[in-house]
Amino acid sequence: MAGQGLPLHVATLLTGLLECLGFAGVLFGWPSLVFVFKNEDYFKDLCGPDAGPIGNATGQADCKAQDERFSLIFTLGSFMNNFMTFPTGYIFDRFKTTVARLIAIFFYTTATLIIAFTSAGSAVLLFLAMPMLTIGGILFLITNLQIGNLFGQHRSTIITLYNGAFDSSSAVFLIIKLLYEKGISLRASFIFISVCSTWHVARTFLLMPWGHIPYPLPPNYSYGLCSGNGTTKEEKETAEHENRELQSKEFLSAKEETPGAGQKQELRSFWSYAFSRRFVWHLVWLSVIQLWHYLFIGTLNSLLTNMAGGDMARVSTYTNAFAFTQFGVLCAPWNGLLMDRLKQKYQKEARKTGSSTLAVALCSTVPSLALTSLLCLGFALCASVPVLPLQYLTFILQVISRSFLYGSNAAFLTLAFPSEHFGKLFGLVMALSAVVSLLQFPIFTLIKGSLQNDPFYVNVMFMLAILLTFFHPFLVYRECRTWKESPSAIA
């Protein structure tokens with residue numbers, strides 16, 4: 001990293017963190033926004049004639065159709081958050097940074113303006129606004145991840161920080177809720193966010209490259225304010241190798257690059273890996289845990305309302321507490337630190353025993369996969385106990401579990417499969433898990449309908465499903481142990 005470019009690099013880093021922290025992942029603050037929407041009587045026409053105002057415990061608790069509508073909107077938004085990972089990554093890869101960011105600004109600004117000018121009578125427009133908000137946020141994140149390339153050996157740390165900032169941006173909806181309670185209208189808040197798009201545009205042309213930031217960084221590399229011509233042809237060729245990896249690193253925790261031993265594997269087709277037992281079990285592991293997270297976030301307002309007996313003051317307090325705990329920027333580095341330490345330990349053992357380097361890399365993922373499942377199980381157990389004070393612990397376990405989930409996912413795919421298939425496998429697993437996440441709406445409908453607002457049986461089924469996810473790290477452990485003993489068994 002050239003010393004003369006350090007001030008520009010730091011400015012790019014800090015403004016990128018602010019962009020991700022303030023805009024990219026706001027969807028996960030949905031419970032705070034639902035509270036405001038209910039106060040504004042969004043979808044109140046779906047409630048029965050006996051439903052009273054927001055402060056009325058009976059009216060709030062009994063409006064099943066209203067809760068279902070909000071759950072459906074979150075289901076669509078969370079689906080787009082995963083399903084669009086691969087297409088948006090392709091846009092970034094194919095059309096470069098500036099075009100991708102302008103598309104992101106268009107989607108994001110349009111979404112915030114729609115929300116700003118909706119009312120109870122036009123609440124159906126939220127079905128359009130929330131998916132657009134999600135797409136814009138993903139593109140903001142993807143275009144910012146490459147900034148890690150400016151910082152050499154600290155690259156993984158920067159990527160982890162951006163991942164944490166993405167998670168933490170859910171606090172934006174909490175701020176909107178608190179401002180609303182102080183008399184600032186929902187429209188004013190979202191118009192302000194829309195006006196911030198001028199800052200996004202200025203940053204796009206002044207602090208970001210036209211193309212991609214290459215890695216490793218070439219000597220005298222310039223961009224933004226320091227370059228009117230963008231990257232050179234040589235720099236673009238250097239960057240090409242990294243572009244596919246960068247499109248998928250929004251959930252990547254700090255880690256080393258794929259070990260070279262993995263390249264010794266026999267050449268196999270993409271589909272042979274996609275249908276392998278290793279990939280299928282990883283898909284099950286990701287889909288089950290992610291579905292539980294999405295169901296919890298999408299139904300949190302309804303859950304808290306029931307636990308509080310319709311006391312909206314207590315619901316507001318716990319909604320605020322949930323939003324305050326969503327600072328994933330504090331949790332994101334832990335998983336990467338765990339894997340890096342274990343990898344160093346196993347590498348030393350491999351040099352002594354002559355074990356396979358690929359087996360060493362795989363073994364380093366086992367504790368992370370198992371710990372993620374364990375955290376999610378604890379999170380599900382606490383959420384299943386209808387005691388309000390216990391939900392503080394639930395919120396903490398939820399954010400740590402979510403932070404571990406996506407870092408473990410990307411790291412495992414990077415280490416367990418050839419690098420030339422990483423982008424495709426990452427896109428495939430995210431798209432398929434997004435399809436599974438659509439189940440959250442029928443599950444919510446089941447709870448509100450046949451189960452008469454009692455989620456006990458659904459919670460038990462999820463805990464059993466989460467126990468099933470422990471089978472994935474167990475199989476990986478057995479596989480890597482076999483490889484360490486018989487390197488010729490690697491396929």
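These residue numbers are counts, starting from 1, taken along the chain as shown.
Including glycine, each Cβ sits where the backbone N, Cα and C put it.
Bear in mind that TrEMBL entries carry predicted annotations, made automatically and left uncurated.
Annotation comment: TrEMBL describes 12-37 (among others) as transmembrane segment. Long-range contacts of the transmembrane segment (12-37) within the same chain, counting only residues at least 6 positions beyond its ends with a Cβ under 8 Å from a Cβ of the stretch, are 43, 70, 74, 77-78, 81, 108, 123, 126, 130, 133-134, 137-138, 140-141, 144, 147, 150-151, 158, 161-162, 165-174, 176-177, 180, 186, 193, 196, 200, 203, 207-208, 224, 297-298, 300-301, 304, 315-316, 319-320, 322-323, 326, 329.
Per TrEMBL, the feature transmembrane segment maps to 70-92 (among others).
Residues or ranges marked as transmembrane segment in TrEMBL: 99-117 (among others).
TrEMBL lists 123-147 (among others) with the feature transmembrane segment. Beyond the transmembrane segment (123-147), the same-chain residues lying 6 or more positions past its ends with a Cβ under 8 Å from any Cβ of the stretch are 12-13, 16, 19-20, 23-27, 37, 42-43, 72-74, 76-81, 84-85, 88-89, 91-92, 97, 100-101, 103-112, 114-115, 158-159, 162, 166, 169, 200, 208, 212-213, 215, 242, 246-247, 249-250.
Among the features that TrEMBL reports, transmembrane segment is placed at 159-180 (among others).
What TrEMBL records for 279-297 (among others) is transmembrane segment.
The transmembrane segment feature in TrEMBL is assigned to 317-337 (among others).
Among the features that TrEMBL reports, transmembrane segment is placed at 358-380 (among others).
Among the features that TrEMBL reports, transmembrane segment is placed at 392-413 (among others).
With a cut-off of 8 Å between Cβ atoms, the residues of this chain six or more beyond the transmembrane segment (425-444) that come close are 67-68, 71-72, 74-75, 78-83, 85-86, 89, 248, 270, 273-274, 279, 282-283, 286-287, 290-291, 294-295, 298-299, 302, 409-410, 413, 417, 458. Residues annotated as transmembrane segment in TrEMBL: 425-444 (among others).
TrEMBL lists 456-477 (among others) with the feature transmembrane segment. Residues 277-278, 281-282, 284-285, 288-289, 292, 295, 362-363, 365-367, 369-370, 373-374, 376-377, 380-381, 383-384, 412, 416, 443, 446-447 of the same chain lie 6+ residues outside the transmembrane segment (456-477) yet bring a C-beta within less than 8 angstroms of a C-beta in it.
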- Excluding the flanking five residues on each side, which residues at least 6 beyond the ends of the transmembrane segment (279-297) place their CB within less than 8 Å of a CB in that stretch? 28, 30-31, 74-75, 78, 82, 273, 303, 369, 372-373, 376, 379-380, 383, 398, 401-402, 405, 409, 412-413, 416-417, 425, 429, 432-433, 436-437, 439-440, 443-444, 462, 465-466, 468-469, 471-472, 475
